[in-house]
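Enquirer: Please see the structure below; I have some questions.
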Amino acid sequence: MSAKILDGKAVSQRIKTELKAEVEKLKQTGIKPALAVVIVGDDPASKIYVRNKKLACEFCGIKSLEFALPAETTQKELLALIERLNNDNTISGILCQLPLPEGLDEEAVINAISPAKDVDAFHPSNVGKIMIGNFDFLPCTPAGVMELIAESGIDVSGKKCVVVGRSNIVGKPMSMLLLHKNGTVTICHSRTKDLAKECREADILVAAVGVPELIRGDCVKEGAVVIDVGMNRLENKKLVGDVAFSEAAEKAAAITPVPGGVGPMTIAMLMKNTVKAAVLNSTGKN
Ligand SMILES: Nc1nc(=O)c2c([nH]1)NC[C@@H]1CN(c3ccc(C(=O)N[C@@H](CCC(=O)O)C(=O)O)cc3)C=[N+]21
């Protein structure tokens with residue numbers, strides 16, 4: 001079988017083009033979406049993400065502000081910055097790039113971001129709303145995966161979905177969104193007994209573990225949809241996913257590439273959340 005490539009880059013471009021038009025309209029009503037990105041320390045992989053976010057903001061007409069703090073920043077200083085951004089009516093959304101350098105408390109930082117500006121949807125209040133199914137923001141990567149699936153005409157309802165990875169950022173919310181679309185969801189992780197066997201059951205297989213090419217051809221059922229959330233930089237600088245692409249593509253009906261799959265969708269969803277935050281924050285407090 002030759003797999004259809006799910007082109008996240010193309011789909012994200014369509015979404016960003018729609019958002020650009022929406023932002024233009026909003027500006028006529030005095031609403032100006034603005035995203036504040038906080039980045040602490042000097043992680044090179046983070047830099048790529050930050051650069052791509054900035055370019056996407058420019059394209060959509062969203063103002064982007066970057067707050068680059070040194071790795072030695074104290075917890076107190078970081079929380080003070082977030083408090084200032086929370087109270088700044090010209091800022092629609094706040095994203096603090098994770099992981100933070102050693103010594104900084106990620107949970108405290110996530111909790112400090114105002115839920116109304118939490119465009120990552122990492123705050124416990126937003127996480128709870130997602131669980132219940134009545135939410136303002138969806139986490140960018142899982143939401144991007146759902147959009148890519150929907151845009152590709154893939155119906156989740158009744159399908160056996162296997163999510164490999166149980167992080168708060170991807171695996172857990174991903175499972176919840178698939179459940180909301182009536183998938184039958186299994187979550188696999190490092191203690192799963194026979195990972196390949198579980199994966200082979202999947203109609204829709206989502207890999208989000210951060211292990212380069214963990215998912216081999218023998219993990220993929222004939223005709224499955226394979227979504228690769230992994231973004232692993234090898235020593236030779238090559239970017240590979242959690243899926244061994246060519247082996248998996250021999251079996252799959254559809255598969256996402258890395259790069260050009262889930263990554264660009266994540267960024268498009270961040271733009272969408274920022275526009276939504278700008279609208280929500282304009283019709284209440286500000
Ligand atoms: N608070 C927070 N929220 C995040 O969403 C978050 C984070 N911290 N920390 C880091 C990870 C990683 N991440 C990426 C998203 C898109 C690309 C991306 O655009 N990838 C492109 C380009 C890759 C390239 O240019 O090499 C692609 O896959 O095609 C990369 C990485 C978001 N994360």
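The backbone N, Cα and C atoms fix where each Cβ goes, glycine too.
Curation plays no part in TrEMBL annotations; they are all automatic predictions.
Features from TrEMBL:
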type    : residues         : note
BINDING : G165, R166, S167 : NADP(+) binding site
DOMAIN  : 6-120            : domain 'Tetrahydrofolate dehydrogenase/cyclohydrolase catalytic'
DOMAIN  : 139-279          : domain 'Tetrahydrofolate dehydrogenase/cyclohydrolase NAD(P)-binding'
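What's the neighbourhood like for these features in this structure?
Expert: Sequence-distant contacts of R166 (NADP(+) binding site), defined as residues of its own chain at least six apart whose C-beta falls under 8 angstroms from its C-beta, comprise K172, I187, H189.
Over the domain 'Tetrahydrofolate dehydrogenase/cyclohydrolase catalytic' (6-120) the predicted model carries a mean pLDDT of 96.
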Enquirer: Per DSSP, what is the residue tally for the domain 'Tetrahydrofolate dehydrogenase/cyclohydrolase NAD(P)-binding' (139-279) in helix, strand and coil?
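Expert: Across the domain 'Tetrahydrofolate dehydrogenase/cyclohydrolase NAD(P)-binding' (139-279), the residues distribute as 56 helix, 26 strand, 59 coil.
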Enquirer: When you measure from the Cβ of G165 (NADP(+) binding site), which residues in the chain that are at least 6 apart have a Cβ under 8 Å away?
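Expert: Listed in sequence order, they are G171, C188, H189, V206, A207, A208, V209, G210, V229, D242.
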